[in-house]
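What follows is a short report on a single structure.
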Amino acid sequence: MLLRGRGWIRVLAVVPVAAAIGYHTLNNYAAQHYDATGAADWLEKLDAKSWLMPLVCLTTAMIVDLRQLHHGKNRIPGVLLAGEREAGDSPAALIRYAAWRLPWTVLIAVRFVRLRRALCYMTALAPATETEELRRLTANIAARIDTSDREDAWQGLDIQGQLKKTRAGSGRWRWQLVIPCLLALPSLIFLGIGSFHSTSGLQTYIATGPRPKILLYCAMAALAWIAWQLTALLRTWRATAAQPIGEQVALHRFRITTALGSAAAGAFMLYRGLGGTDVTTDTLLSPAHLLEALDRTLFWVGLLLFLVALAALIGPGTGLAGLALAGGGALGALTVQAAVNAALLGSAGIVLMGASANGGFEGTEGERAGRGSEGKGSREGSIDETEKKFDPMEREVAELLKSEGRHVRAQVEATEDGVRRADAFVDGVETEFKSLDPGASSGTVKNQLNKAKGQARHAIIDARGSGLSEEAAREGVGKFFRNNPPGRMDGIRVVGDNFNLTYP
């Protein structure tokens with residue numbers, strides 16, 4: 001924790017390490033030099049106080065941690081829940097939310113706290129431009145938790161059906177568990193169960209007759225399986241590197257390096273353990289030769305390393321890499337926001353999407369950001385200006401959304417250089433408001449969207465009173481799409497005097 005600090009604070013991290021080294025050195029010195037009474041006296045005094053050292057370190061770590069989190073939550077906008085803002089950053093709001101639908105709400109609350117904690121530490125150490133994407137994602141999840149923090153959001157929610165729906169067309173994910181288990185079974189029986197004295201007969205049974213071939217064939221099949229899984233993981237290298245939180249990147253790199261290193265070393269040791277013979281010849285399959293190879297340590301270690309590689313790749317895992325291993329059908333069944341939530345919160349993120357939809361979110365992300373007058377009056381909207389006050393133009397857009405039953409929360413402007421934030425959260429979705437002056441044209445629409453894309457993935461352009469025609473509005477949005485890659489904006493809405501355009 002001290003190493004993650006800045007400046008001279010990092011030097012303090014050396015103190016507990018140096019104290020532990022000194023204590024260990026003194027203990028060894030006193031053990032070897034019985035006549036050193038001074039060292040023995042010092043050691044006796046330190047032993048009497050040794051129980052206090054872990055408590056001091058833990059207390060210091062807790063104080064630094066709580067201070068860091070408190071400072072971060074007060075500094076970063078949009079990451080506090082509504083209940084936390086009302087109760088003064090009290091844990092009561094999270095505890096109440098966790099009790100709605102066990103165990104899913106507990107998972108959502110715990111993983112949200114972990115995500116927010118990572119954001120607080122990242123904000124303290126990294127420039128604001130590097131933390132903005134993670135802040136937006138965290139704020140979006142916080143808004144979804146607020147929306148689902150009531151009983152009707154969880155009533156009638158078919159969680160299992162929702163999870164099965166996201167896996168529709170991706171039945172291969174089950175084989176990610178079955179195949180490596182089958183390939184590892186002979187080696188586990190031989191090296192694991194057979195290593196006990198009472199079951200040593202299993203090793204003798206497997207090592208006789210044609211059964212040693214099973215170990216070899218399974219090892220070769222495991223090597224092919226590991227190579228195929230590593231190929232799928234390497235294809236997600238860039239996508240995983242773009243993740244805003246390092247935990248997913250670290251897990252992805254750990255699985256690749258562990259599986260690759262274990263598989264390479266295991267293959268080499270199997271080759272050496274079998275005497276370096278050509279694996280394409282029939283002489284390798286001689287039972288006598290295999291029985292001799294089974295007595296060699298290298299062959300055993302090779303099998304163990306293959307087990308390690310299979311364990312590193314067993315199951316799809318989490319994040320974008322896990323979705324890739326689960327098969328393309330999983331990615332196709334998830335929306336963009338569902339994939340992001342699944343990467344950050346796991347399956348609990350998909351459940352949160354369903355609960356927040358019951359609590360007020362309707363349709364897809366693009367539909368929520370670009371919904372027109374459809375559904376007007378179906379629910380009561382609201383405007384929350386706790387963090388900042390809307391300017392007159394922003395207020396007109398907020399009033400329009402409120403009349404449509406939307407919940408609009410103003411967002412404070414960024415104070416860091418180079419960071420631009422959206423004007424508001426609309427039903428929990430970060431959305432930028434733009435207004436057009438009289439005489440606006442299609443080029444004006446394109447320019448406003450180019451400005452908005454750096455602040456949010458959803459934008460609403462208020463063209464009322466500007467004289468902009470529907471044809472010019474469509475042409476301006478078309479120009480923007482032609483000059484930007486697909487998916488640059490998730491939702492665009494242009495509201496005019498006699499038209500209301502939504503994209504997609």
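Numbering starts at 1 and runs along the chain as displayed.
Glycine residues also receive a Cβ, built from the backbone N, Cα and C atoms like all the rest.
Of the candidate ranges 7-26, 47-66, TrEMBL annotates residues 7-26 with the feature transmembrane segment. Range with TrEMBL annotation transmembrane segment, chosen from 85-106, 173-194, is 173-194.
Within the chain carrying the transmembrane segment (7-26), a Cβ under 8 angstroms from the stretch's Cβ atoms is held by residues 39, 42-43, 46, 50, 53, 57, all 6 or more beyond its ends.
The average pLDDT the prediction assigns to the domain 'tRNA nuclease CdiA C-terminal' (421-498) is 88.
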